[in-house]
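Have a look at the structure below before the remarks.
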2 protein chains.
Amino acid sequence: MKASFAKVPTPLELELHQEGRRLTPQRKKVLDLFQRIGGGKHLSAEDIHGKLIQSKSRVSLATVYRTLRLLVKMGFLHELELSEGGHRFELLSQDHPDHHHLVCVNCGRTEEFESDQVVLAGKEAADKQGFKLLESTLNVRGLCPDCI
Amino acid sequence: MKASFAKVPTPLELELHQEGRRLTPQRKKVLDLFQRIGGGKHLSAEDIHGKLIQSKSRVSLATVYRTLRLLVKMGFLHELELSEGGHRFELLSQDHPDHHHLVCVNCGRTEEFESDQVVLAGKEAADKQGFKLLESTLNVRGLCPDCI
DNA sequence: GTGCGTGCAAAATCTTTGCATACGC
DNA sequence: GCGTATGCAAAGATTTTGCACGCAC
């Protein structure tokens, strides 16, 4: 007999329970939203709150903020400080651990890219100063083709 | 006869006048402060306001914000978005046009470094997407020797 | 049932802005 | 003297927090 009807715990659920925390519908909805829209999207807390409200999900903005901070600390999301007007969050996927951003300073359009050279340069700088590297992100600011 | 008693206009004064703007004591004091403490220091608007008040200079916080935005636009200062709790500003010197930051996520200590590889990688990414590159900065986050 | 998480609203930050006055040019 | 810049205070924008209630465990 297979246990095919047993609920499969999500990674989020597992990790929460390890720390004595709980998987609430709100937390699930926030992470689900990021997973539905896919990686490479940069959302503000207001964006997330708005989208959840639109999809008939009752979540308060305060809880969105609390959940975002939690998911960042747990490593599911990544916090960006690219633009004016508040921080953005993106899904952190295993496929793109250290990616960088190309931002148009005029229209805000952002593109992502990866570069081993950059990761290596960051690692060398950290080593030289005796730092333990956690992450390195290159922010390239410029004008996109439409804004030149 | 030498014009040795003529006041020598500062670059700030010259550039302001070209745009029909004025060199006020407040603007002079803000830029002077950055030049006195030297490059590589990262100050918040509050820091700057506090230091000016301490040195008996009457400048309002609103003017500090307005002046910082102006000096960034004029290219005298550079705006950083490294840390939580507001933006920081640093003196932009000709010696270190494109430098990067190593930040300790625990204590906030920051070190600067330069890397041609990083600048090159940023340029390549911009070219590939058709962006006109303005600046690129690598933010390396980690733990400094004291916080490991 | 226990105690963590949520919602609400108020508070705390950080930054910008309107307007009358001051002053660099 | 003209018009920009300042100071002040109020408004705005974003994020955090205190507290009572609700719900995941």
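Our numbering is plain: 1 for the first residue shown, then up by one each step along the chain.
Positions of Cβ are set from backbone N, Cα and C atoms, glycine also.
Here is what TrEMBL records for this protein:
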- B:His96: Fe cation binding site (BINDING)
- B:Cys104, B:Cys107, B:Cys144, B:Cys147: Zn(2+) binding site (BINDING)
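Overlay of TrEMBL annotations on the structure.
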residue  : record              : Cβ neighbours (10 Å)
B:Cys104 : Zn(2+) binding site : 21
B:Cys107 : Zn(2+) binding site : 11
B:Cys144 : Zn(2+) binding site : 21
B:Cys147 : Zn(2+) binding site : 14
Assigned conformation of B:Cys104 (Zn(2+) binding site) - DSSP reduced to three states: strand
For B:Cys144 (Zn(2+) binding site), the three-state class that DSSP assigns: coil
B:Cys104, B:Cys107, B:Cys144: the binding-site residues whose Cβ falls under 8 Å from a chain A Cβ: B:Cys104, B:Cys144
